[in-house]
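Participant: Structure provided below as structure tokens; questions to follow.
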Amino acid sequence: MAGSRLPRQLFLQGVAAVFMFAFASLYTQIPGLYGPEGILPARRTLRPQGKGRWQQLWETPTLLWEAPLLGLDTAQGLELLSLLGTVLALGALLTRPLRHPLVYLLLWAAYLSVCQASEAVPLGTVASSFLQAHPPSPQPELPDHPSPCRWARCFFISSALTYHYETQCLPTPAAWFAHHLPVWLHKLSVVATFLIEIAVPPLFFAPVRRLRLAAFYSQVLLQVLIVITGNYNFFNLLTLVLATALLDDTHLAATSSTSRRKRTPSSWPKALLAVLALLLELAVYGLLAYGVVHCFGLEVDWEQHVVRSRTTFTFHQFSQWLKMVTLPTMWLGAASLAWELLTALWRWVQVRGSLQKLCAAVPLSVLGTATVALFLISLVPYSYMEPSSHGRLWTGAHRLFGTVEHLQLANSYGLFRRMTGLGGRPEVVLEGSYDGHQWTEIEFMYKPGNLSRPPPIVVPHQPRLDWQMWFAALGPHTHSPWFASLVLRLLQGKAPVIRLIQNHTPSYPFHKQPPTYVRAQRYKYWFSHPWEQGRWWRRQWVEEFFPSVSLGDPALDMLLGQFGLQDKSPPRARGSSNTLSQALHWIRRQLSPLEAPTLLWGLLGAVGAIKVMQALLGPQSLPRSKEEKHKPASQEDSVAASKQASPAPNISSSSQTPRRKKSP
């Protein structure tokens, strides 16, 4: 089997990049979301329950419990963890020594801590990175540890693309153009999505390397198209990071592998295996093509130059098929894991020397046990998609998952499980007024509002308030208790919350004086037609979403009291004498003028520039070995003279090898 050192480094760098984006994106929004004047102050989320220190830490695992020891409140603790996480992830992305298990353990602990007061990113990938980040052994014959990210999940689509582009959370400008593609192409795109997300994932376990690479690039294609048409922050990057387990050193170092194949003539057993692999590959492609044509009734209409498709199976048939394949896919993953463990064990047996074998046995046993445990608990959320298989799963896996569920070691990665907006995209529009008669709309930076403003590109930033406004529009405001707190902060004119809506203060219509009244309306939004010049959206009023209220309004106070959002006691004054608190305040003051996407793209640009400099200066900056430094010139001259004296026909490939090694 091909090596996995380069894919491991790629995987670890990808996880570090996701962490960097996640921490930095959260940092820019902490004051408005979780600060003392934010929508949901973090001090309300983490309140001591009178339990023991370790019991409290186990039930609510967060380092924020220790913030008071540093003289910080909960929101400042969030800022500190976000900054440290960003810097640590940036270091792991740039320097190989920091891609260490301890570093990824710290990143996991930091993000798990902030998740207790905010939203979570799937941390199962992080657990995989901790297992992948074992230090490379100096002995080449030591076994590679099993890779848990090889066991990926299938992602099922349940939406029609004729609605998807305009109803997703935050579409991009490309989504408008994709929405207006022909209907037959939308249907064909759904077929391709089903193929990539349901039929292709079993190829992750294929014995033929080219099939695994085809599965990888199909996932890359799908995720890139999603990134182009939708702002799903760093979730698509997370999926691509998981898919890197399908790569190998030979593929990532194509030049060296090509030269190696040219030098080594293949024997007839290898040639036979290559032919059999090619036949298997063609058979798989043929089976996939037949299945797609059969299940979706693909037909080419040569007169109209379209490809027609339709679903030829019922929901009941699909459910039965899902019931039939769920457990076998689990056994397939278990078999793949067992093969990796046996391979690692065989390599460990071949290690020479008792001391070296003992040193290799310790990390192998620890990481192997952790991998098996992680695989077992991941089966529980994987089986959610099929209830009967979920019930038949080994009870030990359920118990293990229940024990560590709050640590978020395994996730189902399901963002949107049902289609919304079939009759139009529901959208909540906030309005403010000074007299209760003349109303002015409050436009957000990222979510749809102004009909003439194009959809923004905010990836890899995750604007949490704009996302939550999308979810709030799907039901009554009582299903989103935080909305009443948002209205209160706008009536109070709290600057941190206003910066979540408009980072450029003059763009906020009530920046000089807070509105006296605030209300919200629910609209249905659709993408504009191609012939509507200068407009990206069209909309229709549906109903009042939130009634008109003002400060001291009994209706608003009742809602705040019902959801426990009233400020019964003023927040503690932040200690200005604390050096750490002053440093956090200074950093916030320097970064606050930057919009979050600008900050994140600036980090990405800096990483790219440093990587380019490392690539350009790395080979030249490497110091010469001691043997080269002290090698006498006479020896070099004698070697050169002997090469000139020897006739050309007698130069063998072995004499050329050191010449290539000396070349820079």
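Using N, Cα and C of the backbone, Cβ positions are placed for all residues, glycine too.
Any TrEMBL annotation is an automated prediction that lacks curation.
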Participant: Among 97-120, 361-384, find the range that TrEMBL records as transmembrane segment.
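Facilitator: Among 97-120, 361-384, the range TrEMBL annotates as transmembrane segment is 361-384.
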Participant: Which of these ranges is annotated transmembrane segment in TrEMBL: 184-204, 226-246?
Facilitator: 184-204
Participant: Could you give me the DSSP helix, strand and coil counts for the domain 'Lipase maturation factor 1/2 N-terminal' (159-253)?
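Facilitator: DSSP classes over the domain 'Lipase maturation factor 1/2 N-terminal' (159-253) add up to 73 helix, 2 strand, 20 coil.
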Participant: Could you count the residues of the domain 'Lipase maturation factor 1/2 C-terminal' (409-547) that DSSP puts in helix, in strand and in coil?
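Facilitator: The composition, in the requested order, is 33 helix, 34 strand, 72 coil.
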